[in-house]
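S.K.: For reference, the structure I am asking about is given below.
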Amino acid sequence: MTTFYDKTGLPKSLAWGFIGVLIFMMGDGIEQTWLSRYIASQGLDHEVLFTVYGISVALSAWFSGVIAETIGVRRTMLLGYLVYLVGMAGFAGIGMMGLNYPVLLVTYAIKGLGYPLFAYTFIVWIAYRVDKSRLSSAQGWFWFVFTGGLNVLGAYYGAYAMERIGVVPTLWSSLVFASVGAVLALWVNKCDDRNLFVGAERPSSGTSKFRELLSGLAIMKREPKVLVGGIVRVINTTSQFAFVVFMPLYLKDYGIGDTQWASIWGSIFLFNILFNLIFGIVGDHIGWGRTIVWFGGVGCAVSVLLFFYAPVICNNFWFILACGALWCIMLAGYVPLSALVPSLVDKDKGAAVSVLNLGAGLAAFVGPLIVALFRNAIGYVGIVWFMAGLYILSAVMTYCIAPRNR
């Protein structure tokens with residue numbers, strides 16, 4: 001008899017882990033729709049805050065897989081939870097209470113180290129326990145709960161709570177969600193965290209694992225196409241992290257408040273979740289390269305401009321939401337990049353994947369950095385046109401590296 005798990009591809013043995021990641025990421029996403037505007041309203045530099053946070057996320061994402069293979073998946077996720085706990089407690093309890101900017105920078109950076117160690121390490125757990133024939137579906141479920149928690153549920157709850165209980169209590173409440181998520185993923189989830197497919201291979205030492213990490217750097221020199229693919233991955237979500245920094249402030253001039261912005265942000269990422277699955281199928285049918293070039297690169301170039309200019313064209317909540325939804329749909333056009341880049345090499349596919357992970361983490365740094373560097377020189381208008389240009393560049397780069405049959 002075909003079960004729900006068989007039909008959907010959700011690994012039954014890890015089901016509580018997926019639920020735990022969803023709730024943990026909900027806690028992590030609580031402040032993303034209103035923090036930049038709040039920090040700016042206090043006369044503090046929100047752009048530098050988000051840039052430093054992005055550096056931490058990039059480093060943690062880069063190291064998470066190696067740490068997991070060195071000390072174990074469950075221990076690494078526990079470490080990530082504890083680091084997140086320390087960072088968020090310091091951010092809410094010390095930094096925000098006194099608006100101490102140096103403390104805000106340090107503690108928010110610590111928070112940024114925590115969530116990739118928890119969430120991205122769960123990807124390793126999936127790879128350890130799920131057969132290759134069902135691995136793609138399982139990874140799809142990971143991104144479903146990751147994005148659903150961070151950008152949808154977290155956004156909605158954060159705006160609701162901030163209006164009703166205030167900024168600092170809302171930040172403290174994120175620890176409740178993170179703790180519940182950690183309990184579900186690490187203790188209620190009884191799945192073995194050892195590699196089911198390791199076979200007769202000898203376990204690698206910590207030293208050899210860090211050599212593997214360095215091989216991710218070496219492959220970018222040895223295989224330039226992998227480097228190009230990594231750059232395309234950075235460009236993919238750069239606008240997402242840039243918008244978090246400046247769109248709440250930009251839309252304020254058009255009468256869009258925190259609650260409305262949170263509704264827009266949470267709603268449009270529902271479309272992103274759905275089309276992450278759809279474009280994976282589309283890529284297999286029309287080719288990975290074509291999908292990335294036309295839907296990802298060209299589609300994002302057009303839709304990122306449309307989303308930005310939406311309140312100028314028609315200052316209507318539903319129109320702005322529709323334009324944002326189109327942008328989120330086109331972001332999903334880069335999904336086949338995860339298949340394309342490893343296919344560019346015959347060996348060291350793991351190193352190629354690590355380059356993509358680094359690119360995903362760097363986007364959280366590059367987006368806020370672009371805003372910080374160029375806001376005074378070219379303004380928000382110049383920034384959004386610059387990002388549109390990056391998307392066109394990513395389309396050209398993808399066309400150059402993609403095999404013609406892909």
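A Cβ is built for glycine as well, from the same backbone N, Cα and C atoms used for every other residue.
Keep in mind that TrEMBL annotations are predicted by a computer and have not been checked by a curator.
Quick caveat, the model's predicted, so the values are computed rather than measured.
According to TrEMBL, the domain 'Major facilitator superfamily (MFS) profile' annotation covers 1-406. As annotated by TrEMBL, transmembrane segment applies to 12-30, 50-71, 78-99, 105-128, 140-159, 171-188, 226-250, 262-279, 291-311, 317-341, 353-374, 380-402.
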S.K.: Counting only residues 6+ away from its ends, which parts of the chain sit with a Cβ under 8 Å from the transmembrane segment (140-159)?
M.R.: 8-11, 18-19, 21-34, 119, 122-123, 126, 170, 258-259, 261-263, 265-267, 269-270, 272-273, 276-277, 280
S.K.: At an 8 Å Cβ cut-off, counting only pairs 6 or more apart in sequence, do the transmembrane segment (262-279) and the transmembrane segment (12-30) clear the bar of 3 or more pairs?
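M.R.: In this chain the transmembrane segment (262-279) does not contact the transmembrane segment (12-30) - fewer than 3 Cβ pairs sit under 8 Å.
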S.K.: Does the transmembrane segment (50-71) come close to the transmembrane segment (291-311), meaning at least 3 CB pairs under 8 Å for residues 6 or more apart?
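M.R.: They are not in contact.
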S.K.: Answer with yes or no whether the transmembrane segment (380-402) touches the transmembrane segment (50-71) by the criterion of at least three Cβ pairs under 8 A, sequence separation 6 or more.
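M.R.: These two segments do not touch.
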S.K.: Which stretch, 226-250, 353-374, 380-402, tops the Cβ pairs under 8 Å count with the transmembrane segment (317-341)?
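M.R.: The listed stretch sharing the most Cβ pairs with the transmembrane segment (317-341) is 226-250.
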